[in-house]
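According to TrEMBL, the protein has these features:
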BINDING   CYS64, CYS99, CYS133  [4Fe-4S] cluster 1 binding site
BINDING   CYS209, CYS213, CYS216  [4Fe-4S] cluster 2 binding site
DOMAIN    55-172  domain 'MTTase N-terminal'
DOMAIN    195-425  domain 'Radical SAM core'
DOMAIN    428-491  domain 'TRAM'
Amino acid sequence: MENKELIFDSNIDKLIESADLTREAPTEEPYRQYWFMKKARELTEEKSRELNRRLTFCVNTFGCQMNARDSEKLVGVLERIGYVEAPDENADFVIYNTCTVRENANLRVYGRLGYLHSLKKKNPHMMIGLCGCMMQEPQVVEKLKKSYSFVNLIFGTHNIYKFAELVVAALTNNRMVIDIWKDTDKIVEDLPSERKYPFKSGVNIMFGCNNFCSYCIVPYVRGRERSRNPKDIIREIEHLVADGVVEVMLLGQNVNSYGKNLEEPMTFAQLLQEIEKIEGLERIRFMTSHPKDLSDELIEVMKNSKKICRHLHLPLQSGSSEILKKMNRKYDKEQYLNLVERIRKAMPDISLTTDIIVGFPGETEEDFLETVDVVEKVRYDSAFTFIYSKRTGTPAAAMENQIPEDVVKDRFDRLLARVQEIGRSMSARYTGTVQEVLVEEQNSQDTHLMTGRLSNNLVVHFEGDTSLIGKLCQVRLDECRGFYYMGTKVG
Ligand code: SAH
Ligand code: SF4
Ligand code: F3S
């Protein structure tokens with residue numbers, strides 16, 4: 001067995017190199033995938049010689065940060081097997097990492113597939129792969145088989161770790177390769193990934209969801225909750241920090257229930273305390289916190305932390321206790337407001353953001369006004385507002401009293417106006433103060449300006465140069481323009 005401490009990037013390259021293709025693929029992971037990465041590279045090199053050019057890829061990501069992180073893993077493999085990134089979908093290997101949380105996410109993919117087909121007619125070498133949450137729905141795969149036979153590879157969320165193996169299958173097959181698992185209890189560590197930003201990174205701490213909110217399809221397409229081993233998480237972050245990362249975003253559908261089913265159970269707050277100790281790591285963010293599991297222990301740890309950012313995304317979904325019950329959220333309006341009060345008492349400067357669904361089955365005008373009431377009481381810095389989308393197979397889809405479109409649209413517009421008005425005034429409350437920002441990128445419209453992010457997740461533009469990217473610096477917030485600031489670097 002290899003020394004676990006050593007298995008990272010350059011070492012992964014060495015391990016891929018040392019795979020022995022004269023023997024059968026090993027059965028143990030991740031070694032099996034290293035073997036297939038080498039095998040895939042042989043195949044792409046051959047193709048590349050034939051075409052007399054480098055092969056290119058394009059990974060297009062839909063959905064949440066989980067998917068974004070998964071896509072980095074896909075890119076990590078593609079780059080290791082010899083593909084170079086293309087600026088657009090006119091590429092030799094196009095992958096759509098899909099989302100199905102709302103119907104429009106789903107429809108967008110079908111729309112784009114028609115366009116991909118036209119590209120493929122011009123480039124017969126083109127490979128098209130589909131993965132992600134949408135592929136976990138049997139009716140989607142049926143439809144693809146029937147009407148989108150030009151797709152080469154379809155796989156789901158549970159077996160993404162065997163991407164290299166699936167690529168080899170697709171490259172050596174003329175028919176559509178489909179591999180979807182219903183669920184898994186497996187977590188494979190030490191696979192390559194290619195970060196989008198050099199200085200910040202998402203880190204999965206858990207996969208899946210056990211909450212079954214009645215509107216939500218995620219538990220069906222992401223499977224049961226599984227926490228990663230704390231040692232693996234710490235080891236990954238330590239490696240990231242050694243590689244220049246200063247900010248991590250810990251990812252899970254419900255991070256507050258982290259660690260419950262580990263062999264040695266551990267709370268999310270305890271995990272945070274361990275991560276806080278990592279030298280060189282400057283900022284810790286996390287997503288998403290389910291209000292029902294947010295503990296006083298977590299509030300205390302956040303309050304005392306120097307690294308955990310002053311931002312909490314606390315999805316409300318609805319302000320009506322009646323609707324919350326039907327949503328299976330396991331908290332009511334009172335409990336939510338009480339929680340917010342405890343958080344604000346401990347950290348008065350914290351920025352709160354949320355998700356809200358409008359038009360859940362049975363939502364009355366009174367229920368809707370309860371939601372507006374919570375928005376007005378909490379005063380969120382910003383809120384994602386969604387129109388309820390019926391997802392096949394979820395309990396809410398079968399509920400009576402689905403709300404007519406025009407009623408929902410009217411409520412949605414009213415809510416959005418209120419949320420934005422409050423958001424603007426909340427965002428402006430730091431005007432005139434000097435804050436630490438992490439410089440993220442050059443402003444695309446005005447290259448004299450750099451864009452940085454505050455601990456509370458707000459954005460500030462200020463004069464500077466690209467040498468600042470990835471660094472923390474002090475910026476005075478001169479003027480708030482809606483949801484961002486214009487500032488001046490100080491010191
Ligand atoms: N695990 C996270 C949410 C992941 S989905 C949590 O519980 O907070 C992101 C957001 O999409 C949800 O918070 C919810 O507001 C929204 N959403 C999920 N299912 C939806 C549906 N069927 N219709 C509309 N919005 C939905
Ligand atoms: Fe969906 Fe609820 Fe799980 Fe979030 S906690 S992913 S909303 S089921
Ligand atoms: Fe979408 Fe899947 Fe995330 S359904 S929101 S990509 S977990």
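Note that Cβ sites are derived from N, Cα and C of the backbone, with glycine treated the same way.
Feature map: annotations from TrEMBL on the structure.
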| residue | record | DSSP class |
| --- | --- | --- |
| CYS64 | [4Fe-4S] cluster 1 binding site | coil |
| CYS99 | [4Fe-4S] cluster 1 binding site | coil |
| CYS133 | [4Fe-4S] cluster 1 binding site | helix |
| CYS209 | [4Fe-4S] cluster 2 binding site | coil |
| CYS216 | [4Fe-4S] cluster 2 binding site | coil |
Name, in the order they occur in the sequence, the residues of the same chain whose CB lies under 8 A from the CB of CYS133 ([4Fe-4S] cluster 1 binding site) and which sit 6 or more residues away.
GLY63, ASN67, THR98, CYS99, THR100, VAL101, THR157, ILE217, VAL218, VAL221, ARG222
Should we count any of the binding-site residues CYS64, CYS133, CYS216 as near ligand 2, judged by a CB under 6 A from one of its atoms, and which?
CYS216
Cβ within 8 Å of the [4Fe-4S] cluster 2 site's Cβ centroid: which residues qualify beyond CYS209, CYS213, CYS216?
ASN211, PHE212, TYR215, ILE217, VAL218, PRO219, GLN253
I need the CA-to-CA distance for CYS209 ([4Fe-4S] cluster 2 binding site) versus CYS64 ([4Fe-4S] cluster 1 binding site), whole Å please.
14
To the nearest whole angstrom, what is the C-alpha distance linking CYS213 ([4Fe-4S] cluster 2 binding site) and CYS64 ([4Fe-4S] cluster 1 binding site)?
17
So which of the binding-site residues CYS99, CYS133, CYS216 sit close to ligand 1, that is, with a CB under 6 Å from an atom of it?
CYS216
Of CYS64, CYS99, CYS133, CYS209, CYS213, CYS216, listed as binding-site residues, which ones have a Cβ less than 6 Å away from ligand 3?
CYS64, CYS99, CYS133
Within 8 Å of the Cβ centre of CYS64, CYS99, CYS133, which other residues of the chain have their Cβ, at the recorded [4Fe-4S] cluster 1 site?
PHE62, GLY63, MET66, ASN67, THR98, THR100, VAL101, ALA105, GLY132, MET134, VAL218, VAL221
For the domain 'MTTase N-terminal' (55-172), report the average pLDDT of the model, please.
96
Give me the Cα-Cα distance between CYS216 ([4Fe-4S] cluster 2 binding site) and CYS64 ([4Fe-4S] cluster 1 binding site), rounded to a whole Å.
14
Around the Cβ of CYS209 ([4Fe-4S] cluster 2 binding site), the count of other Cβ atoms that are within 10 Å:
22
Excluding near sequence neighbours, so keeping only residues 6 or more apart in the same chain, what lies with its CB under 8 A of CYS64 ([4Fe-4S] cluster 1 binding site)?
CYS99, VAL101
DSSP-assigned states of the domain 'MTTase N-terminal' (55-172) in counts, ordered helix, strand, coil:
62 helix, 25 strand, 31 coil
